[in-house]
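The structure's right below; bear with me while I get my questions together.
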Amino acid sequence: MDDLKALIGKVATGATLTREEASCAFDSMMSGEATPSQMGGLLMALRVRGETVDEITGAVAAMRSKMLRVTAPADAVDVVGTGGDGSGSVNVSTCASFIVAGAGVPVAKHGNRALSSKSGAADCLAALGIKIDLTPEQVGRCVNEAGIGFMFAPSHHPAMKNVGPTRVELATRTIFNLLGPLSNPAGVTRQMVGVFSRQWVQPLAQVLKNLGSDSVWVVHGSDGLDEITLAGPTFVAALENGNIRSFEVTPEDAGLSRAHGDALKGGDAEANAASLRGVLEGRPGAFRDVALLNAAAALIVAGKAKTLKDGVAFGTTSLDSGAAMNKLKQLIAVSNG
């Protein structure tokens, strides 16, 4: 506790924490040792000053050390967004996950209920008939038998219950909004991560490199989407062979047409589930295109596709052959089994 007081004092002066200090501070919070006032003080001091790569790396390390782990294939990928982009869009990364799985790449998806929309990944999947409140062993069975599994964050991060009330009372974004997507319980090293602000694209790629990821795309759409957007360019930081490269991609790079964000407005969980099922059944339109675009990037991360156009071709086959829809049916069956 005295250590935590010293670290809060350090941050209060504007100084930054080392990776080890941040890990120690967040361990205190997640173990329930820190008081609500101490948690709130540290979280807001970090937020106002701006969190560093070392601080985020240390915080993620602390969170990962307490999570309930899932056993998944070494080549599994995660397609995940921070949420909180305020767009209220359809569940793009969730739909893309089924396309990726249908293309033969195992998916260990990590997610939660809605942040700023009416339907987060967990809400949408539950509305599709998938049982989301599973044990780590049951999720591992889904990934290994169905080729796709969903890890509901509260089930795998029980230590987060110690910081939950403080986060609710602060009612503003904190470092915890970044930690979830970086703390996949299956320990995947191939990740496609969407973030709510361009400022985090490069830093989060660096954090994932620090923590041992192999292949990563961190993305932010120029229209604010925490996915690759159809509306214009998307900012990307890609980790490949130990190097981070920053660039932009457009729908045209993937052979797709642009579409305004309004075409992707979502509704509640039932409406978003119906839209997702429609894409898997072959319905054309902006939702299909944006899901293909994001799946294409995930297939690059997985090492299956070389370019976005390649990835779209694999994704199109996954949809048109019925393979993606079959993955949904398999996940419903195995999760409820």
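From the backbone N, Cα and C atoms, a Cβ is placed for every residue, glycine too.
Fair warning: this is a prediction, and the values are worked out from it, not measured in the lab.
When I checked Swiss-Prot for this same protein, it listed these features:
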- G81, N112: anthranilate 1 binding site (BINDING)
- G81, 84-85, S89, 91-94, 109-117, A121: 5-phospho-alpha-D-ribose 1-diphosphate binding site (BINDING)
- S93, E227: Mg(2+) 1 binding site (BINDING)
- R167: anthranilate 2 binding site (BINDING)
- D226, E227: Mg(2+) 2 binding site (BINDING)
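In terms of burial and nearby residues, how do these features look in this structure?
DSSP gives N112 (anthranilate 1 binding site) a coil state; it is part of no helix or strand.
In sequence order, G83, G84, D85, G86, S87, G88 make up the list of same-chain residues 6 or more apart from S116 (5-phospho-alpha-D-ribose 1-diphosphate binding site) whose Cβ falls under 8 Å from its Cβ.
In sequence order, V79, V80, G81, K109, G111, A121, M192, G194, E227, N294 are the residues near S93 (5-phospho-alpha-D-ribose 1-diphosphate binding site), counting only same-chain partners six or more apart with C-beta under 8 A. Mapped onto three states, the DSSP output places S93 (5-phospho-alpha-D-ribose 1-diphosphate binding site) in helix.
Around R167 (anthranilate 2 binding site), the same-chain residues six or more apart in sequence whose CB sits under 8 Å from its CB are L43, T174, F176, listed in sequence order.
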How many Å lie between the Cα of S89 (5-phospho-alpha-D-ribose 1-diphosphate binding site) and the Cα of D226 (Mg(2+) 2 binding site)?
10
Please report the distance from the Cα of D226 (Mg(2+) 2 binding site) to the Cα of N112 (anthranilate 1 binding site), rounded to the nearest angstrom.
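Roughly 15 Å, rounded to the nearest whole number.
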Taking the binding-site residues one at a time (S89, N112), which has its Cβ surrounded by the most other Cβ atoms within 10 Å?
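The residue with the most neighbouring Cβ atoms within 10 Å is S89.
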Determine the Cβ neighbour count for H110 (5-phospho-alpha-D-ribose 1-diphosphate binding site): the number of other Cβ atoms within 10 Å of its Cβ.
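I count 27 other Cβ atoms within 10 Å of it.
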